[in-house]
Amino acid sequence: MMGTLRDLQYALQEKIEELRQRDALIDELELELDQKDELIQKLQNELDKYRSVIRPATQQVQSRSELQEHQRTKRQAISAEPANVQQLSHVTLPNVPKSAKSKELIKSAILDNDFMKNLEMSQIQEIVDCMHPVDYDRNSCIIKEGDVGSLVYVMEEGKVEVSKEGLKLCTMGPGKVFGELAILYNCTRTATVRNFCPVLGYSPYLVN
């Protein structure tokens, strides 16, 4: 009887050790999957940035939300928010008076933008309210590739050329948003934007 009990205790200890090793292996694999998911998301973000500047301005791309549906629900996607979002949450943005037509133009441009159209309507309204008119003379460089970005633009009149590393990518006309990637991803400007003719548009006031 003692021998049988000792054998059972030994077998139980073996099972416990086997389960401990399996748990350790599972933890190791979970960590490896987390690291791979993080790398995939980072690469997806980079792909989004380059896709936005090499496609024609009117071309639509697959929504990122469709891609995220296939990820495991346990892991969260990287949020495209500024690094100082908690500070910004306590800031009251100025309300700049503008015509109903201008408000509708800005709102429509945001809703037509692949990276901003999924914002909450209250956020879009805040952006519309705080934007003020800006204009640029012919052949002005509005955005320079590699610079630190702090403003996003909505064009009302004119035409601009988008280039990357000196290579022309596309042209954009009225009703388009540009400069949003540097804000959403907290990165430097991904392309250069120069206007052909005088440009009238809207941009938010800088929030200090």
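We number each residue from 1, going along the chain as drawn.
Backbone N, Cα and C define each Cβ position, glycine as well.
Features of the protein shown, as given by TrEMBL:
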- 115-194: domain 'Cyclic nucleotide-binding' (DOMAIN)
- 59-79: region 'Disordered' (REGION)
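Using DSSP to sort the residues of the domain 'Cyclic nucleotide-binding' (115-194) gives these counts of helix, strand and coil: 15 helix, 32 strand, 33 coil.
When averaged over the domain 'Cyclic nucleotide-binding' (115-194), pLDDT in the model lands at 90.
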